[in-house]
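*Asks:* Before I ask anything, let me first share the structure, which is written out below as structure tokens.
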Amino acid sequence: MTAALDMLSLSTNSSSPGHTARLAQAAGVPLNRRVLSYHEAPPTSSSDPTLALQREFARPLYARPSALPSSTGAVTNKSRKIPTQPERVLDAPGMVDDFYLNLITWSCQNVLAVALAESTYIWRAETGTVSRVGEAPEGSYVSSVDFSNDGAYLGIGIGTGEVELWDVEAAQKLRTMSGHQGQIAALSWHQHILSSACGDGSIWHHDVRMPRHKVMELLGHTGEVCGLKWREDGELLASGGNDNVVNVWDGRVGDVGTEGARGTAKWTKRNHTAAVKAIAWCPWQPSLLASGGGSNDATMHIWNTTTGARLHSLRTPSQITSLLFSPHRKEILSTHGYPTNSLMLHAYPSMERIAEIRDAHDSRVLFSALAPAGDVVVTGAGDENLKFWRVWEVEKSKVGKKKAVGEVKEGRANSTTREGILSIR
């Protein structure tokens, strides 16, 4: 049997050189091509003029931001048309051009608060009246503002580390809560708890009802905390910092009098490569959290805060300074700094760009807030202007008795940009 096997063994060295060629010819298989071919070879651009034309049309989509022409108009898809000009412009002299601060907030009572250098001003959208509610100590400045959930109170963060509590209707300061060692770059309310984010990386919960206001301290950032948002139900708090970290915290706070209580993050994400200031909770799907990174990152991430999973990521042309979910549509608005200084509207969950308004301000768009009706967005920038953009149209049944910004009684007053620029002061 062994001898028979030896006689049957094949030797490739002794085979005829023409044997392989004759075998390939008989089988109809070319020698220089694969036996299995899954895709046809793409045609060259010279032989397919249609493909060359399509590539030319698609070229701007893949160009670098600096290579794209700037425009003061909006780039929209065919299904949506968004106004290319703001409905109203307010002059805001003294607005600080600082990425890390949060200087605009809009209450449920249709009142806008804006911090200009050392002063804080209130603008009532329904009447157009302006009043000043506070002034920082000499040599300091206002670094953040935020309205309470009912709009009755205004929290004001100071560059020296104090947090002031003001009665909006009476324009009276109720108390000053001190203890922080750095500027208060962000504030966020949930019921009677006012949370403050400090330049030293700490977050404090203040119970504004109690003399000993500090009820908990959250430690999880190694850089300045510049983004801070409570979820509407108060179960979770999200924060972003100059350490490129996004943290989500349990919403439970310490008992009254437990000043030493400390909390740790429920989960931490380090996917961003620049400071995270832009933080937004989704109103129609509470588990969704959006975060946006600064210049070296320029990426928006959507997180599932129940599982900690990253659901979507979108690279944008420039630093993301703020994010706003629409309460009535499955869309999210982002504002941007250099080089585009733009507003971008994205569909969810496809993350498709619906519209973009480039050069919305003469400098980077740093701050934004949404009207209580959910239709108008106000943006602020270092060019010392507040601009009001009607991004979403809301059905009258949803608006109810609330009047949209720019409408006074029966008619719309000063709805154009170029006529009568008002001053916030």
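Cβ coordinates come from backbone N, Cα and C, glycine included.
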*Asks:* Examine the ranges 1-20, 81-100, 281-300, 381-400 and name the one recorded by TrEMBL as region 'Disordered'.
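*Replies:* Result: 1-20 is the stretch TrEMBL calls region 'Disordered'.
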*Asks:* Cβ under 8 Å to the repeat 'WD' (218-250), counting only same-chain residues 6 or more beyond its ends: which ones?
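*Replies:* For the repeat 'WD' (218-250), the nonlocal Cβ contacts are 99-102, 182-183, 185-191, 193, 195-205, 262-281, 283, 286, 289, 291, 293, 297, 301, 303, 305, 308.
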*Asks:* What is the three-state DSSP composition of the repeat 'WD' (218-250), stated as helix, strand and coil residue counts?
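*Replies:* Computed counts for the repeat 'WD' (218-250) are 0 helix, 19 strand, 14 coil.
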